[in-house]
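J.: Checked TrEMBL, it gives:
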TRANSMEM  B:28-53  transmembrane segment
TRANSMEM  B:65-80  transmembrane segment
TRANSMEM  B:92-114  transmembrane segment
TRANSMEM  B:121-141  transmembrane segment
TRANSMEM  B:147-173  transmembrane segment
TRANSMEM  B:193-216  transmembrane segment
TRANSMEM  B:222-240  transmembrane segment
Amino acid sequence: MATDAQGAAGEAVGMPQLDFSTWPNQIFWLAVTLVAIYMILTRVALPRIGAVLAERRGTISNDLAAAEELKLKAVEAEAAYNEALATARAEAAKIVAQAKAEIDAELAKATAKADAEIDAKAAVSEARIAEIRAGALESVTEVAKDTARELVAALGSKADARSVTAAVNARLKG
Amino acid sequence: MADEATGGFQIHPMDQFIVKPLFGGDHIAWYTVTNVTLWMALAVVAIAALLIYGTRRRAIVPSRSQSVAEMIYGFIYNMVEDVTGHEGVKYFPYVMTLFLFILLSNLLGLLPMAFTTTSHVAVTVVLALLVFLGVTILGFIKNGVGFLGMFWVSSAPLAIRPVLAIIEVISYFVRPVSHSIRLAGNMMAGHAVVKVIAGFASMAIVSPVVIGAVSALYGLELLVAVVQAYVFTILTCVYLRDAVGGAHH
């Protein structure tokens, strides 16, 4: 090997690049190499890499579209949720109003009933008071008659009950 | 080649570019298996490993190697689309072939004891001529004689148009020269400089400095390897635009 190199070096004085005897060899192998690389690229490598890149682009755009769709769905779900919330709130307000109305009605009924009872009791009481008053008046007549009889008796005269009563009644009327 | 540096203070910076048969013999016929064959084959293997083995899972969430393959694909695809327009996208596999070959050859050439195929003018001239002839033929197929309108700068005053046409024609034919020499020259110069400086490492006094310098140069050469592959590719796209996008610049 070393002797070969020395021999070749001896031939190629100066620049080996300008040793034109090696040009056909280099050009031949260069042609072979370029054809080989071109075949590798066009038959296998470039279609494969191109397909991978296209596939990736497709996957990314698909994923983006899916994300967009999911976002729309989320917005939709939020709207539905808000709507449900509003409905529930309205329902609750309605129930509250209804309950309030019921309670009010019941309260009014109870109040009316209590008023009626109070009125009735007041009437009874008044009647009783009137009765008691009447009873008291009668008692006063009785007492006056008794007192008058006793007084008459004490004064030493005998008075019959009828005349005393008449006198008292006359007095009382007067 | 390290044994050559042992015999005293001898530096052979150009020896690394010598084309020699892999399996002995002195004669190099066009079909001889040489170190050129070996390193070009390694570039093919590296490309296959990265773009086929690396993407074998076809994962939606890519692995590291698949990410690298996808980044290169996207980078070159966008470059072709941005520079040449939609019409140029169908030449994307061709541009990709050039880019990957140059990139991997440059990078593999930076391995110690490696042979850099892209440092040879024979290789880069063929690459540049492929672009030049391809663009020229494509331009005539697509635009007919109208492709020549590219040299007739209609936005310039009529009087200086013939002069501009001559300049444009010259610059058009210089394209493959600059296109190929730029790549080969960059690779060759970088490797030669690294080799020369590394040769000084045999002097014990300066060897620490030399090792630092070689490390720094190696980093620079990595950058150059990638940048030159990029430059070659984007120039290919720019030339392709002339053919595909019509006469308007």
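Quick reminder: no glycine exception, Cβ is built from N, Cα and C everywhere.
TrEMBL does not curate its annotations; it predicts them automatically.
Are these features on the surface or tucked inside, and what touches them?
T.: For the transmembrane segment (B:28-53), the residues of the chain that approach it from at least six positions outside its boundaries are 19-22, 65, 68-69, 72, 100-101, 104-105, 108-109, 114-117, 120, judged by C-beta separation under 8 angstroms.
Under 8 Å from some Cβ of the transmembrane segment (B:92-114) lie the Cβ atoms of residues 1, 39-40, 42-43, 46-47, 51, 72-73, 76-77, 79-80, 123, 127, 130-131, 134, 183, 187, 191, 218, 221-222, 224-226, 228-230, 232-233, 236-237, 240, all in the same chain and six or more residues away from its ends.
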J.: Taking residues 6+ outside the transmembrane segment (B:222-240), which of them lie with a CB under 8 Å of any CB in it?
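T.: Beyond its ends, the transmembrane segment (B:222-240) has Cβ neighbours at 76, 79-80, 83-84, 88, 91, 95, 98-99, 102-103, 106-107, 109-110, 118, 127, 131-132, 135, 138, 175, 179, 182-183, 186-187, 190.
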